[in-house]
Amino acid sequence: MASTLINGGDSSVLDMDKKAGYGGGVDDVYGEDSATEDQLVTPWTVSVASGYTLLRDPHHNKGLAFTEKERDAHYLRGLLPPAVLTQELQEKRLMHNLRQYEVPLHRYTAMMDLQERNERLFYKLLIDNVEELLPVVYTPTVGEACQKYGSIFRRPQGLYISLKEKGKILEVLKNWPERNIQVIVVTDGERILGLGDLGCQGMGIPVGKLSLYTALGGLRPSACLPITIDVGTNNEKLLNDEFYIGLRHKRATGQEYAELLEEFMTAVKQNYGEKVLIQFEDFANHNAFELLSRYSSSHLVFNDDIQGTASVVLAGLISALKLVGGKLADHKFLFLGAGEAGTGIAELIALEISKQTKAPVEETRKKIWLVDSKGLIVKSRIGSLQHFKQPWAHEHEPVKELLDAVKAIKPTVLIGSSGVGKTFTKEVVEAMASLNEKPLILALSNPTSQSECTAEEAYTWSKGRAIFASGSPFDPVNYEGKVFVPGQANNAYIFPGFGLGLIISGAIRVHDDMLLAASEALAAQVSEENYGKGLIYPPFTNIRKISAHIAANVAAKVYELGLASHLPRPKDLVKYAESCMYSPLYRSYR
């Protein structure tokens with residue numbers, strides 16, 4: 001009966017329609033509707049961004065901010081509600097919505113959804129509300145996001161290069177839609193923050209870092225490429241997780257690992273050229289030092305955990321001298337943690353003291369002491385020490401505990417880079433306060449749960465005398481009627497401006513002097529008003545201005561060392577850096 005009504009009584013027409021692949025009156029040109037699941041169809045797509053396609057293109061979508069004229073010109077009539085909103089009003093609405101979420105991870109997923117939907121609005125939101133949103137898109141929330149990445153995974157935001165791609169990494173790089181890449185952040189997921197081996201789920205880190213490169217350093221989003229190298233994971237929990245998105249086997253090591261990385265580094269240079277910045281992120285100690293050492297003479301490489309952390313901590317120390325007095329060479333430093341971060345910071349401090357005093361770096365290292373899991377690093381242990389710890393083995397009797405090391409060494413500065421929480425105990429902080437009028441205490445481990453002590457503990461146990469900074473953010477502390485604002489020794493102060501400086505000068509290699517230049521530029525941005533609150537870092541609200549000054553200082557050093565390829569040198573490097581920065585304001589479309 002139905003077929004007679006549809007086709008005017010001719011049921012043979014309906015049979016022909018079925019054979020031709022008609023569905024609901026729409027011609028199925030590509031045979032997709034009539035194909036069974038195991039039949040092959042071609043995934044055709046439309047390339048001109050207009051109408052429905054334009055609304056789903058995050059690079060060009062403006063949502064309700066499309067003007068009446070643009071709605072007519074780009075076939076958007078009816079696809080949007082009639083209201084036209086400004087970007088500012090869209091931003092206000094989104095911030096209102098984000099503040100309704102009580103769970104930080106929900107805020108993170110909402111921000112990632114926005115980035116996939118409307119790129120410019122995402123960066124406008126991040127730039128204008130940087131202090132509020134930095135902990136959402138980066139540490140500490142990004143750590144939880146990586147732990148649960150398999151469950152919250154929606155769309156690939158970068159490139160995944162696994163052992164399956166061995167022998168064809170260059171082809172994989174060519175699958176990325178953008179051709180002009182200026183910076184790559186790459187991880188193998190073995191040491192994500194203080195959370196350990198998260199394998200393929202470490203992708204949250206390169207994605208987060210590159211969103212900060214754009215928001216804080218002004219690099220174009222299209223010039224940034226996040227990459228995760230998946231060689232497996234030793235995390236049993238992930239290997240048994242049905243939602244895990246990576247290779248399900250133990251980590252590859254030795255030659256297999258080295259060959260994959262060598263192919264990757266060669267392919268990157270071949271595809272993107274000599275001047276692409278490759279930032280290593282969250283590699284385990286043994287690989288981090290090896291990769292930096294191996295490729296620093298042939299590629300433009302930077303390890304944020306070793307060099308970025310060192311540079312931002314050195315900036316805090318230089319700036320803190322205004323509060324504690326003396327020169328850097330007058331102080332004695334004790335570290336808890338002798339991995340990438342600890343030894344990287346120690347070496348940069350030694351280099352800066354050497355630069356200031358003209359003493360050899362072997363001599364200046366003697367002012368710096370490190371404690372690892374086996375106690376104070378001393379000469380008698382040298383035979384069993386990893387190579388990167390050996391320069392820090394000084395003459396001293398063995399000391400097992402941190403508290404005893406504080407009492408024996410009598411440091412003026414205590415720095416935590418251990419990745420182990422609650423290790424700066426009440427006794428340790430009180431010992432520092434008994435030795436110093438203003439003990440300088442830096443609890444750098446991330447995320448917040450791994451911090452060596454909290455801001456409140458540092459101020460309370462030192463009776464309000466400590467100068468404190470941490471890796472993750474802490475709220476202001478009220479101690480006996482005085483409000484202390486803890487500083488945050490966040491790498492986000494350094495790496496966006498540092499990377500911008502390398503790129504605007506066309507640097508071909510990274511040199512330690514460039515890191516010192518970045519530290520000095522950041523320290524110079526701390527105002528008297530900041531010092532009045534006990535801060536040794538400037539507020540993040542001015543971060544783009546800070547990044548421009550860091551970029552200018554770094555670029556100046558690149559030109560001075562003869563490592564620049566962007567010639568002639570611009571007259572005013574600060575203005576030039578600012579002029580190169582990406583703006584998230586909407587563009588008008590023809």
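Each residue, glycine too, has its Cβ placed from N, Cα and C.
Because the structure is a prediction, the values reported are computed rather than measured.
Copied from TrEMBL, the annotated features are:
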- 115-296: domain 'Malic enzyme N-terminal' (DOMAIN)
- Tyr138: active site, proton donor (ACT_SITE)
- Arg191, Asn446, Asn490: (S)-malate binding site (BINDING)
- Lys209: active site, proton acceptor (ACT_SITE)
- Glu281, Asp282, Asp305: divalent metal cation binding site (BINDING)
- 306-559: domain 'Malic enzyme NAD-binding' (DOMAIN)
Q) Can you tell me how far the Cα of Asp282 (divalent metal cation binding site) sits from the Cα of Lys209 (active site, proton acceptor), in Å? A) 11
Q: Tell me the Cβ contacts of Asp305 (divalent metal cation binding site) under 8 Å, same chain only and six or more apart in sequence, or just say none.
A: Phe280, Glu281, Asp282, Phe283, Ala288, Glu340, Ala341, Gly344
(Q) I'd like the Cβ neighbour count for Arg191 ((S)-malate binding site), meaning other Cβ atoms within 10 Å of its Cβ, all protein chains included. (A) 23
**Q.** For Asn446 ((S)-malate binding site): intrachain residues, at least 6 apart, with Cβ closer than 8 Å
**A.** Thr139, Pro140, Gly143, Leu193, Gly194, Gly471, Ser472
Q: Starting from the Cβ centroid of Glu281, Asp282, Asp305, the recorded divalent metal cation site, name every other residue in that chain with its Cβ within 8 Å, sequence order please.
A: Thr187, Arg191, Ile192, Ile205, Phe280, Phe283, Ala288, Asn303, Asp304, Glu340
(Q) For the (S)-malate binding site, please report the maximum Cα-Cα distance among Arg191, Asn446, Asn490 in Å. (A) 18
**Q.** Candidate recorded positions Arg191, Lys209, Asn490, pick with smallest Cα gap to Tyr138 (active site, proton donor)
**A.** Lys209
